[in-house]
Ligand SMILES: Nc1ncnc2c1ncn2[C@@H]1O[C@H](COP(=O)(O)OP(=O)(O)OP(=O)(O)O)[C@@H](O)[C@H]1O
């Protein structure tokens, strides 16, 4: 059966399927109208109503429901159909079965259409079943050996405007029926559909090994090691949608976040969840999640690596608690003509008993209460009967606050870190034997700012500040975090992300071979330990969907050097002429880049020009001068959405993909940073159809032997 290849529109089967699609669309419009029209109008009078807040949240919830029911004109409403054995969905009424048998007619197969959301007709009968519903699992998992009640699986092909143009049947019963190759052809057609704009969902073609991860229960933290293009990001996003469907109440209260490496990556994936009907998921970067935007200070790799090291946790812990000191004098609390005294040794005992038993901030509050209690005991001895109000007033009184400012001072994370990075003596006391003297020297700022207020913090400082903030006050935890490109995080960044779902679970996605962060952990068990999820199950995805075999084999030549423990990925497809490597004289390179891009633009789909960060602006200018409408991701995170030809600095290429990639001067990418070969591996694995490598300088040894 043809695959999405425009069957004649007078084909009766196509006509009937189109009519069904039109009916489903009309039903969705009606569902949307119903939600909108039942909206409670908030009038001025309602402002005074006690229930205002409640009604406000009801309206918000309704608006979200309405948004989720909006028909996206370019997204097909269903993508598959299952014809099932009778009784698979609705249990057979024995009476009916007997009657139909009596009429000597086999009971009719049940039929369900599978789509991105549930659609029902006016009487509540389902027209389209959500892909996340239990009955839809068979669409992804049924095989001839394990039919799960499926007689026939039908997949649909659509035009760019979501018009149904074709279908392909895969019968799972009968002799010789079922063309296994048809499913693969369908998958290949889906992958090779030219890209324009941001990432698409893969809901019509989720593969069994991916489905297993998507539908893993919420309680389980899943960690996926996957070669480039094996669908990790896709799996993570579909898992969010699945969990929100099955655990909406729980996650609605506790929240879900998708954490990606940078803004351009988030811009690239931002359409997937809305297309799956989920409009309410936080998508953020690690820096944003920490809520402390780095102040633009860049530091050398060895410093960043040390600041990211897990040993810093103990150093910070000590640095904070060094602020709690032994009292040299006690408390004198005057009330009327009486002076109540709490001697220094008693304050000392109170502080010692609390120190380290709870977080720093609540510890100070508890110390104030206990000191106040000691004052109240004296009041009682004098025959007074102080109550809770007196207790609170004493705890908040100036003498108690002054005493605590000396022995348990209020501090901010910035004050503590500033002191640690600018005061060698203090650092030595906090570091003890955890850091060598050379390491301590490396940590100290060569020219400290005048005060913590004017300090400029780096990205690795942000994780240290976050650690301190959590030692002072507990960080709230959310229900589930999907952490993409996790391989790049330092131990301290892992701790920062992990504490945000300390009581929730995670989906951790990444590829050790693509680890480019200077302090990257380098192996999963340790990384999971730093995330606080040592029990997570490690799963491996090695079937690559994005990159054709010729390209992945070429890139995999770097693996023995960059990730010796990892097996080579296997590509799900080959693509003729996928790889071209061209050596040029140095003065011929810029012209060749323009010519190659022009040639690529004659074909379909997106074109990404990837080069070392330092060279990307010059390439961009050259392309513009050559009359090509190129945009640079460096300057503009929406470039992917709005242009076919995009210049990509190598440091922003991670997670992205293009139909064609023009990779310029690999040696420069390698030379630009400590983990340059890892960065090159990332850049080499971004192409869906073809990769053109253009170089004047020698290629890294592993690639030099030719394609
Ligand atoms: N089952 C599938 N059906 C169709 N397309 C798929 C499927 N799985 C993955 N893809 C496609 O393969 C490409 C790569 O997917 P994705 O970006 O999720 O991979 P990744 O493992 O996160 O890659 P990287 O490690 O490079 O970030 C995407 O275009 C995605 O849509």
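Don't overthink the numbers, they just go from 1 along the chain as shown.
Using the three backbone atoms N, Cα and C, a Cβ is placed for every residue, glycine included.
Note that the structure is predicted; figures quoted are calculated from it, not measured.
Per TrEMBL, the features are as follows:
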type	residues	note
DOMAIN	205-548	domain 'UvrD-like helicase ATP-binding'
BINDING	226, 227, 228, 229, 230, 231, 232, 233	ATP binding site
Sparsest-packed of the listed binding-site residues (230, 233) - C-beta count within 10 angstroms: 233
Other CB atoms, at most 10 A from the CB of residue 231 (ATP binding site): 26
Among 226, 229, which are binding-site residues, the residue with the most C-beta atoms within 10 angstroms of its C-beta: 229
Mean predicted confidence [pLDDT] for the domain 'UvrD-like helicase ATP-binding' (205-548): 92
Reduced DSSP assignment, residue 232 (ATP binding site): helix
Secondary-structure category, per DSSP, in which residue 227 (ATP binding site) falls: coil
Any further residue of that chain within 8 Å (Cβ to the Cβ centroid of 226, 227, 228, 229, 230, 231, 232, 233) of the recorded ATP site: 511, 541, 544, 545, 546
Around the Cβ of residue 228 (ATP binding site), the count of other Cβ atoms that are within 10 Å: 25
